[in-house]
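Features reported for this protein in TrEMBL:
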- A:93-274: domain 'FAD-binding PCMH-type' (DOMAIN)
- A:Thr207, A:Arg208, A:Ser209, A:Ser210, A:Glu258, A:Gly259, A:Thr260, A:Leu261, A:Gly262, A:Val263, A:Ile264: FAD binding site (BINDING)
- A:Arg309: site 'Important for enzyme activity' (SITE)
- A:Arg383: substrate binding site (BINDING)
- A:Tyr440: active site, proton donor/acceptor (ACT_SITE)
2 protein chains.
Amino acid sequence: MTLEMHPQRWGDPAHAAPLPASTHALVDAFLGTRDTPASDGATLPEPGLSADLLDSLESLLGAGAVLADDETRRLRTRGKSTPDLLLARAGDLGDAPDVVVRPRTHEEVAAVLGWAVEHHVAVVPFGGGTCVTGGLAAVRDGFAGLVSLDLVRMDRLLDVDQVSMTATFQPGVRGPAAEAMLAEHGLTLSHFPQSFEFASIGGFAATRSSGQSSAGFGRFDEMVVGLRVATPVGELVTGSSPANAAGPDLRQVVLGSEGTLGVITEVTVRVRELAPEKAYEAWAFDSFAAGADAMRHLVQHDLRPTVLRLSDETETMVNLASQSEVGGEGISGALMIVGYETPGALRRRETVTAALGELGAKPLGEERGAAWARGRFHAPYLRDSMLDVGVLVETLETATFWSRRQALYDAVRAALESHLPGALVMCHISHVYETGCSLYFTVAARQGDDPIAQWHAAKSAASDAMVGSGATITHHHAVGTDHRPWLAREIGEVGVAMLRGLKGAVDPTGILNPGVLIP
Amino acid sequence: MTLEMHPQRWGDPAHAAPLPASTHALVDAFLGTRDTPASDGATLPEPGLSADLLDSLESLLGAGAVLADDETRRLRTRGKSTPDLLLARAGDLGDAPDVVVRPRTHEEVAAVLGWAVEHHVAVVPFGGGTCVTGGLAAVRDGFAGLVSLDLVRMDRLLDVDQVSMTATFQPGVRGPAAEAMLAEHGLTLSHFPQSFEFASIGGFAATRSSGQSSAGFGRFDEMVVGLRVATPVGELVTGSSPANAAGPDLRQVVLGSEGTLGVITEVTVRVRELAPEKAYEAWAFDSFAAGADAMRHLVQHDLRPTVLRLSDETETMVNLASQSEVGGEGISGALMIVGYETPGALRRRETVTAALGELGAKPLGEERGAAWARGRFHAPYLRDSMLDVGVLVETLETATFWSRRQALYDAVRAALESHLPGALVMCHISHVYETGCSLYFTVAARQGDDPIAQWHAAKSAASDAMVGSGATITHHHAVGTDHRPWLAREIGEVGVAMLRGLKGAVDPTGILNPGVLIP
């Protein structure tokens, strides 16, 4: 089944489930609910590109690859942050592109860039459209127009190397399609971020995505061994080898560049054999802190499962209440999900299980783990249902070293709670490293009169807390426009100068995603 | 014991061993030997810096930190490639710096850079001096002078975080000192390149070093979680978190920048608990190809020991002949060394051992493995002994994906053999990845009348073969001046433009290591 995107919701309404009664009751009790339907009407701004420019674009790519109809433009407007959805639900499509172009090859992408440089048109590369940090809302001021460079037709698996265990994809391949194509070869990529159903291979690379199985499979930037990139000054090909000492690693410059340095047209990734068996299980710890210490012990002692995630006490309470099919009576503290998705991880299972027992965890069995695995891409649909009942739900995330985890958690939580009185602030750790971990916060608050302003104030305070704690502004959501001021603080003036130096080298007229990422 | 450097040899002559009789006999039979002593005399060029400039430098750092004596300048002239040693042995010190400065702090480094910008003096950061690619032979043309920025006094362990398992070093700490300081905390870095005894933490970072235990501990660039860098335009601090999505990874830009973008003044690395137990063993395969397939199987199936290295048939023969204390009768094919240096690796030992047996390896026991471990930093000393008997010995290395391993091996070997008729060309794999491996070649040839020209022709042909095969010009020796033309081919025009963009942003007047790395 191919899921369809929806301009006002996370994903396919046909796939979404209504809020479970137990969750609705919980939310009603804590926050209060009220029907808050999305607006039916929406007015698109007039396409701003001249007919001459449209004609020249069509002559490059063919008429079928140049789309200016309302529905296509609606679906390429902004991303999927809660403010994005709130604007869309209110009928505000002010950031719509003038036109959507759909190249099929590297050469066609390069041709679009050449055209855009010639006519000074801003170009926004578009993969899965799941960005939650404003990375699709480029600044159009000073440009002759704004083109959404939609990679949806670059959807092929170009090469499989079963000896090196690599695969080369075009950037528009979505997560499920990539897995399906690899499965025909007995292979898997196993990059499973929550956006998996919609997000694209190129987007994973451009934003340094990290998936739910990162404990075992690593971050997406660790999976990438090669990239082909179209830039306004020519083609860049990286990836002569798995690793090398041939100067600064240019792969690691393109990874995370969010379409500001070039358009990724091919991605070569490490793949692995499809596992014949997987297992998930749940464990309970007395506290979030105790569970975090256990995670730290596992990764610092070469005892990694494939999935390792831990909810704090509040998130545990909400999860248990909403998993009515499993039953959560009598469980408290912090819930940990442990998943084994590779033969190697399964070989370690006995040792990991023994270690968890010694670290104070109580086993909750496989049923609750399997329930997590079944619903692993479900949370964003719940957000749609919550918005429908007037509850603002949004997430933000960061990462730090283990010794600063508690201080960062306290600081971000305090910032959110002080700006959103009465809100539910939940947190989990879902990405672990030997030296530290991510912290992923979910906030649910009753919507005020101006929920966007309400959220922005809270998010700004939380972002200040992150950077003020010496942590990163984003572990895996990327920078976009939303995090740009804090990125500048995180990397400092010299870091900003380095990004600008790179930008000037490959995009001297600044047509690529203007206003995104680079301070 | 602190080993002393020597301007005409790899290391401390007191530590060096003469060529074993068995090796000497082998080399004599294959290549012929003749006494070729180093020249006693050497003339240093006159220091080119004016007295005024020297005075102003002394007023910044104090007189004791500004050294222009002959012995200090000799020890900071070039690196340790065979051409470097041949020049030094011939008494040619033409690349000597005008002066050697020894700052103690980040602030003093920054002051030197400010002074160098003001007076347009070239600055060559100097760590352990073990570079083998011409990275210490900067171009001085157009500059008022050339300063060796010697980091030897920046030798402190600044911080240990036992919770996050990180340690922060000043850049001048040498390998053994780093291990000794960490051992006091029960910790280890376990970065063991062959240059371990002399090379510095800052150098490891600046050159993307990779050590002999990389199968288990990773490359140095994977160990680094944070860097502090002094640049001509200010300070850069990276490392807010173990990993993040906050734009291009600037750590991975500084790593491998070889002193051309800034001077690394602090390095924060991941550390691990000191292992109570280690084990090494040797295995024999019928052929290099069979052994390489076995290595590939291990790393693609989550079965990594800590050390994994495999010699080709020629290197195996030479190693066996020179390990007379262990005895090599009746062994042929390709020798593999497998080392277990962590509790996690030891837990896998039984599974790895079973897999090796199934993959056709014959066990040769622990004695030969232990012999390798005892001599793991010894090979460069042997090169000194070989130069003493008129045998040119040099190494070069590359990396590729597994499916291209054989073709790359054949191409590089053919290039070397065609330019050095009668030479012994040996190869090993000592760094493995899921998707590929390194190839490390050692060449021994009878010295002709102009051994430097002789080597350059062979090395150029080998480098052409590497880049022509789509492989990297360097897996862990870095670029320096020697590899610069091939780096340009490897990364292409856009890659070169990116490096130049970075350089222009942080070193606009180009004082940092001019002529090194950046094409």
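Cβ coordinates come from backbone N, Cα and C, glycine included.
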Whole-number Å distance between the CA of A:Ser209 (FAD binding site) and the CA of the residue listed as 'active site, proton donor/acceptor'?
-> 14
Minimum Cβ neighbour count within 10 Å among the binding-site residues A:Thr207, A:Ser209, A:Thr260: which residue?
-> A:Thr260
Listed recorded positions A:Thr207, A:Thr260, A:Ile264, A:Arg309, A:Arg383, A:Tyr440 screened against chain B; CB under 8 A survivors are A:Thr207
Quick one: Cα separation, A:Arg309 (site 'Important for enzyme activity') versus A:Ile264 (FAD binding site), in Å?
-> 31
So, in DSSP terms, is the residue listed as 'active site, proton donor/acceptor' helix, strand, or coil?
-> strand
Between A:Glu258 (FAD binding site) and the residue listed as 'active site, proton donor/acceptor', find the distance joining the two CA atoms and give it rounded to the nearest Å.
-> 21
Find the longest CA to CA distance in the recorded FAD-binding set A:Thr207, A:Arg208, A:Ser209, A:Ser210, A:Glu258, A:Gly259, A:Thr260, A:Leu261, A:Gly262, A:Val263, A:Ile264; express it in Å as a whole number.
-> 21
Run through the Cβ atoms and count how many others sit within 10 Å of the one on A:Glu258 (FAD binding site).
-> 27
Measuring Cα to Cα, tell me the gap between A:Thr260 (FAD binding site) and A:Tyr440 (active site, proton donor/acceptor) in whole angstrom.
-> 26
Fill in the CA-CA distance, A:Gly262 (FAD binding site) to the residue listed as 'active site, proton donor/acceptor', as an integer in Å.
-> 29
What is the interatomic distance between the Cα atoms of A:Thr207 (FAD binding site) and A:Tyr440 (active site, proton donor/acceptor), given in whole Å?
-> 17
In the domain 'FAD-binding PCMH-type' (A:93-274), averaged pLDDT is 97
What's the CA to CA span in angstrom from A:Ile264 (FAD binding site) over to A:Tyr440 (active site, proton donor/acceptor)?
-> 28
Expressed in Å to no decimal places, the gap between the Cα atoms of A:Arg383 (substrate binding site) and A:Tyr440 (active site, proton donor/acceptor) is 15
Under 8 Å Cβ-Cβ from A:Tyr440 (active site, proton donor/acceptor), six or more apart in the same chain: what's there?
-> A:Thr395, A:Leu396, A:Glu397, A:Cys427, A:His428, A:Ile429, A:Ser430, A:His475
Once DSSP output is merged into helix, strand and coil, A:Arg383 (substrate binding site) belongs to helix
